[in-house]
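Student: Features from TrEMBL:
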TRANSMEM  6-24  transmembrane segment
TRANSMEM  36-58  transmembrane segment
TRANSMEM  70-89  transmembrane segment
TRANSMEM  101-122  transmembrane segment
TRANSMEM  142-161  transmembrane segment
TRANSMEM  173-192  transmembrane segment
DOMAIN    252-386  domain 'DUF6545'
REGION    347-370  region 'Disordered'
């Protein structure tokens, strides 16, 4: 059963989601949506022709052994082109996008012609869906795969880079999650390309690979295809299945958990901020009343900041911004690091009984204008505090000893 699901599952999922994808011809006529439809179509075709039944049927009908393998790879080249075109259309619509899309299309056509020539040259007379196991050491098979990899990997690299960039500015949580799944699928696909390249080289050159027995062929292709298909279609079906609500809940839960170390550090310095004392870490795993608990945690962190204001040292913030600049951190991320540094310094001074500083101009309070944006900001502060705690402690010590 597991083997059947591995062979046929991705194809069934791809066709099912492809049939669900269109939401009206007007919307489907948009160029970017057409590219999404082409991605799904290419994935569906590629997975289908590589199922044992269809693979054998194509060989019988055409009389060309293993031609289904070439057709499946041609479908994946179509997926690569559509993914490349999608992000080009998103980035620079118009003539510039068309020029880049056409150039890559010509590159893929040339690669497909070269693959066809190498396919004909390779001695593979027996139609076998387990092509790599039977013909991995055959002449021209390694060369065929190298051409295929050189054609498809640049698209996956571009999808990974652009997908991450677009996910950072995505308008909805569903789109952001879908883009992250697409990026993960592209990364798995590149890992598979590297694995198969080494595998074919090992068969041809007679060296051992992999060093540890791993059936990566059974894992990587279906995983990559499922991630790509689900990620590509999630913006369409996600809202109907309440995916945004689930993602919002997961985001609140993770933020609540990530805020705990910062909140505990502030509680130790200013215990009166807490409505109730800290509970055991295990009890905080419960999702009950999560919205209220997260709201209270954010408010208590802000109350602690207000109580620690007399201990804030502008020199620590300046040193943190210099550190951020040296690391190429700018904008909001630099302010997050500066806030984490000032909180670390203030709690450090308060716990060690140092005297408050002379009253001066109160530093501005960074963060968001509402609970959601403020939670996002404090989440970043908590992560910076946890990741750079030792560095921030050294900044505190330096500010007291020599000034920064």
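In case you wondered, yes, glycine gets a Cβ from its N, Cα and C as well.
If you look at the structure here, what lies around each of the features I listed?
Tutor: Counting same-chain residues at least six beyond the ends of the transmembrane segment (70-89), those with a Cβ under 8 angstroms from any Cβ of the stretch are 31-32, 35-36, 38-39, 41-43, 45-47, 49-50, 58, 97, 100-101, 104-105, 108, 111-112, 115-116, 119, 148, 151-152, 155-156, 158-159, 162-163, 166, 186, 228.
Remote same-chain partners of the transmembrane segment (142-161), defined as residues 6 or more beyond its termini with a Cβ less than 8 Å from a stretch Cβ, comprise 73, 76-77, 80-81, 83-84, 87, 104, 107-108, 111-112, 114-115, 118-119, 122, 182-183, 186-187, 189-190, 193, 196-197, 200-201, 203-204.
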Student: Mind checking which residues reach the transmembrane segment (36-58)? Cβ under 8 Å, same chain, six or more beyond either end.
Tutor: 7-8, 10-11, 14-15, 17-18, 21-22, 28, 67-69, 71-73, 75-79, 81-83, 86, 127, 129, 225, 228-229, 232-233
Student: When DSSP states are grouped into helix, strand and coil, how many residues of the domain 'DUF6545' (252-386) land in each?
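Tutor: Its residues fall into 95 helix, 0 strand, 40 coil.
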